[in-house]
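These notes are about the structure you will find just below.
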Amino acid sequence: MQLFNLPLKVSFFLVLSYFSLLVSAASIPSSASVQLDSYNYDGSTFSGKIYVKNIAYSKKVTVIYADGSDNWNNNGNTIAASYSAPISGSNYEYWTFSASINGIKEFYIKYEVSGKTYYDNNNSANYQVSTSKPTTTTATATTTTAPSTSTTTPPSRSEPATFPTGNSTISSWIKKQEGISRFAMLRNINPPGSATGFIAASLSTAGPDYYYAWTRDAALTSNVIVYEYNTTLSGNKTILNVLKDYVTFSVKTQSTSTVCNCLGEPKFNPDASGYTGAWGRPQNDGPAERATTFILFADSYLTQTKDASYVTGTLKPAIFKDLDYVVNVWSNGCFDLWEEVNGVHFYTLMVMRKGLLLGADFAKRNGDSTRASTYSSTASTIANKISSFWVSSNNWIQVSQSVTGGVSKKGLDVSTLLAANLGSVDDGFFTPGSEKILATAVAVEDSFASLYPINKNLPSYLGNSIGRYPEDTYNGNGNSQGNSWFLAVTGYAELYYRAIKEWIGNGGVTVSSISLPFFKKFDSSATSGKKYTVGTSDFNNLAQNIALAADRFLSTVQLHAHNNGSLAEEFDRTTGLSTGARDLTWSHASLITASYAKAGAPAA
């Protein structure tokens, strides 16, 4: 067996090195996105140093202060911080500030990046300034997040120092499983005899044959690797080479002759040639997901290596090629992510919108104002279409519209929830913690709770097993009856963790008539209009109950995974035994992103 096209002994060493770097990365300054290190005010000069998490290349850090009369001047008293130096062995940078001011009483820090705003306001107390020697903060300083259109006053509350603890047993298990899943995921990349950068959906070649590179699966898998390259594995050359290999394979397939003669070709052979058999094509979510992954990689790569030539010469043309395609085809029918229904799909539109929004920012940074404008306006038009998928009479999101062929189904589908995890951009638009996603989560879960025998008489520590959609007949290697999918169950756990993170960033959450069925599951006293404010016992209890529910989904994954941590595509709806493709790459990638979300640090 080979890994990274190297003999087993060498590749095993590389994977072990990968794991050891993850352990050592725990010594980075803080999990906060922005945190004060130290400051000094001598009566005339105010200066300091700030830890800034390197989320993207383009960022802005500002110190906002009240003057000697404790007047904020409508938050007009500002000092711009500037980049100073990277912090070795971490994904943090030092930023510094210095200004001559006549007087200062208190201050806080604002960090703007990728459409989000983070704050360090010293747990809502702000930093109180005295004329003294330099003062250093402790690692307990925390960060709050806010929508990109932030207010002119500091946030009223700070994010708690700890994410809800959930189930400690599951916390221990998932860290172990995360390592197993990472190894399995990497094992499916560059298998022997394949073209450089080939990411197999599974190494299974019969019963079923999944030994192909699906554009979607490869992009979502690489997105996980990019996130780690940008955070816990910053600077890791092995992982960088894996990502560059993925780019090489992907760029080649962009120009490969295919049956659909378009970028929406779903899958490719191990030698990077197009699959020519009958299939549901095109699948237009793939180019959008690939562009998103390429953009995240471009930002991280440029920050870490300062090598602009690779970004402008290789990544930029590929990104623009994919997104130009999305602009031209987004309103056309195509096959869904399950490859079974031809129509217009909620999931596909969500990942398209995300790719275009990131692409607009990327184009602007790269001097292409025309594309930036086109991508932005198209994303806005797509958002209007996405909103039409909400069916108020059902209180859930319809999965598809304008269906012209394929499987007939009522419209409930777990992909609408995966779209929130994978296709939202932290702007409140169908995000995991938004009311319509929460309502749909209740409806989808309820549909499987009564359908699958495995969900009958569940012990209290388990969550419901979740499939793709209730009418599913694909059994993993043919047609009879659908089963639970590991990535659907971990997707539910991730959705819950992301929702909690979102509410913390927003200072709380208010129940609406739409989301009430969700909140009733975790607080019997919930009513429409009730607000759970961060820092209150009501919010803490709610967050902990939802985290425990997420952990019950992970307990279900733990129960049905193989003893060695292997995760197939599915597990049987009656017996609970694994079925379908062995060690599905997407199953393992989904487990890893759920683990990050459980730790309060969801992937981009």
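Using N, Cα and C of the backbone, Cβ positions are placed for all residues, glycine too.
If you check Swiss-Prot, you get these features:
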ACT_SITE  Glu339  active site, proton donor
BINDING   Trp279  substrate binding site
COMPBIAS  130-162  compositional bias 'Low complexity'
DOMAIN    26-130  domain 'CBM21'
REGION    26-115  region 'Adsorption to raw starch'
REGION    116-604  region 'Starch degradation'
REGION    127-164  region 'Disordered'
Going by DSSP assignments with H, G and I as helix and E and B as strand, what are the residue counts for the region 'Adsorption to raw starch' (26-115)?
2 helix, 53 strand, 35 coil
C-alpha of Glu339 (active site, proton donor) to C-alpha of Trp279 (substrate binding site): distance in Å?
8
Just to be sure I understand the packing, how many Cβ atoms besides its own are within 10 Å of the Cβ of Glu339 (active site, proton donor)?
18
Compile a sequence-ordered list of residues in the same chain as the residue listed as 'substrate binding site', six or more apart from it, whose Cβ lies below 8 A from its Cβ; state 'none' when nothing qualifies.
Val259, Pro266, Lys267, Glu339
Average pLDDT across the domain 'CBM21' (26-130)?
83
